[in-house]
Amino acid sequence: MTTQQHKNALQGPLGWGLLVVAMAVLLISLGYAFSQIIANGHTSFNTSSALPWGQPIATYVFFALGSSGLGLIASLPLVFGFKQYYPIAKRCVFLAFALLISGMIVLALELGHVFRMLWVIPANLQVQSAMFWMGAFYALDLLFLLWKFSKLQGGHWDSKTAKQVGIASFVGVLLASGNLALIFGMMSMRPFWFDPLMPVYFYVTGITTAVAILVLLTYLAYAFKQTRMPAPLQALLTGPLPKLFAACVGVTLLLIAVRAITGLYSNNPEINVVWTDYLFKSGVYIAALLIGLLLPFVILLSKLRNSMGIQVVAALLVTVAMFAERLYFVVGGQVVPLFKGTWIPDLISYTPSATEWSLTFIGFALCFVIYLLGEKFLNLGDMPSQMIDHTTPRKPIEATA
C-alpha cells in the first residue's frame, strides 16, 4: 500500500530552533547530572534506605506508561481496524519509542552502577523477580515498536506481516505495562500500592497520558493550526480523539476517587494515613486533581472539546497532572516507615534534589529531541494514500457552547 506524505511546521525553521533549545537543555542537564553522580554517587539524591524510590523512578514510570498508552492507541487502527485513527498511528508508534528510550535512560542513570546491569542481568537470570520480567518485556516492547515502525515507514499498513507485528506489539505492551503495575501491586508490605487491579489502573492512566502528549505534539507539528493539517487528521481531532480524551480523563478521575475512598475508609494506617496526612495535605496534589484533571474533564464534556485551544490547554494540564500523580504515587507508597510501628505517625519527608530534577529534565529533553528528529526526517504524519483527501483541507469545526 502506498502512502501520501505531508510536510509540517517542524520540518522548517521552527523545528531547528526547538531542536537547538532541546539539545541545550539535554546537554546542560546531562553535564550536571554526571558531575554530581560521579562526585557524590547516590548521595546526590534525596532518597534513603527508608525511601529508596524518588522522582527518577516516578519519571521512569511516567515515560514507560506513556509509551505503553501510545502503543495501545496505535493498535486501534493497526490491530483492531479503526481506520479513522490512521492519521496518528505512525506518530504514536514513534512517540512510544521516544518515551520508552527516555524512560530507560532515566532509570539507568538512577542506578548506582549504570553499566553493571549489562552483564549482571543476563548472567544471573533472576526469573522469579518481577523486575527481571519488566526489563525483558520492555525490551521486547522496544523491539516490536521498531519493527512496527519500519513496516509503516515502508508503507506496509495492512500487509499480513504488519498485522502480525502489530498484534505482537499489542501483546508486548500489555505484558510490559501490566508487569510494571505488578511490581507495585504485589508489594504486600506496602499497603498503599498493594492491589491486584493495579494493571487496570496503569493501563487507563497510561492511555490518558498518551492522549495528552499526542494532542500536544500533533498540534505543535502543525504550528497549532488545524488548517495546515490533512483533512483526515482534522476530522480525527474534531471527532473521535477528543471524545476518547474526555473518556480517559473521566475514568482516570473515577479510579483515583475509588482508591481515595477505599483508602480513607480503611482501618489500616499505612493506607489511610497516606491519604489524610500526605496526599490530601499537599497543595500540589490537590491542584493536580482539580486543575489538572477535573477542569479538563469538565471542558472536554462540552462541544468546546473540538476547539484547538481547549484541546491544547487540556492536554498540557493533564500531562502535568499525570506527572504529579506518578510522583505522589511512587513516593506515597513509601512515606509510612516500615519498622517504626503504627503508634508513631511521623511520615518520611522527601523533596527531590537538584540532581533528581536534572534526570527528569534529561528524560523530557531527550524525548523531545528524538521526536523532533522523527518529525524532520521520518514523516510522522504519514498515512495510507486512500485516506488522503486531495482537495483543500476543510475548515475546522467551530466550537459551540
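Every residue number used here counts from 1 along the chain in the order it is shown.
Even glycines carry a Cβ here, placed using N, Cα and C.
Feature annotations, reproduced from TrEMBL:
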type	residues	note
TRANSMEM	12-37	transmembrane segment
TRANSMEM	57-80	transmembrane segment
TRANSMEM	92-115	transmembrane segment
TRANSMEM	127-147	transmembrane segment
TRANSMEM	167-188	transmembrane segment
TRANSMEM	200-224	transmembrane segment
TRANSMEM	244-262	transmembrane segment
TRANSMEM	282-301	transmembrane segment
TRANSMEM	313-337	transmembrane segment
TRANSMEM	357-374	transmembrane segment
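Within its own chain, the transmembrane segment (200-224) has Cβ neighbours under 8 Å at 8-10, 14, 62, 65-70, 72-73, 88, 91-92, 95-96, 99, 174, 177-178, 180-181, 233, 237, 241, 244-245, 248-249, 251-252, 255, 259, 308, 311-312, 314-316, 318-319, 322, 325, 371, 375, 380-381, counting only residues six or more beyond its boundaries. Below 8 angstroms of C-beta separation, residues 61, 64-65, 68, 71-72, 74-75, 79, 130-131, 133-134, 137-138, 140-141, 144-145, 147-148, 194-199, 201-203, 206, 333 of the same chain, each at least six residues beyond the ends of the transmembrane segment (167-188), sit close to that stretch. In terms of C-beta pairs under 8 Å, the stretch of 12-37, 57-80, 127-147, 244-262 lying closest in packing to the transmembrane segment (313-337) is 57-80. Long-range contacts of the transmembrane segment (127-147) within the same chain, counting only residues at least 6 positions beyond its ends with a Cβ under 8 Å from a Cβ of the stretch, are 64, 67-68, 71, 93, 96-97, 100-101, 104, 121, 165, 168-169, 172-173, 175-176, 179-180, 182-183, 186.
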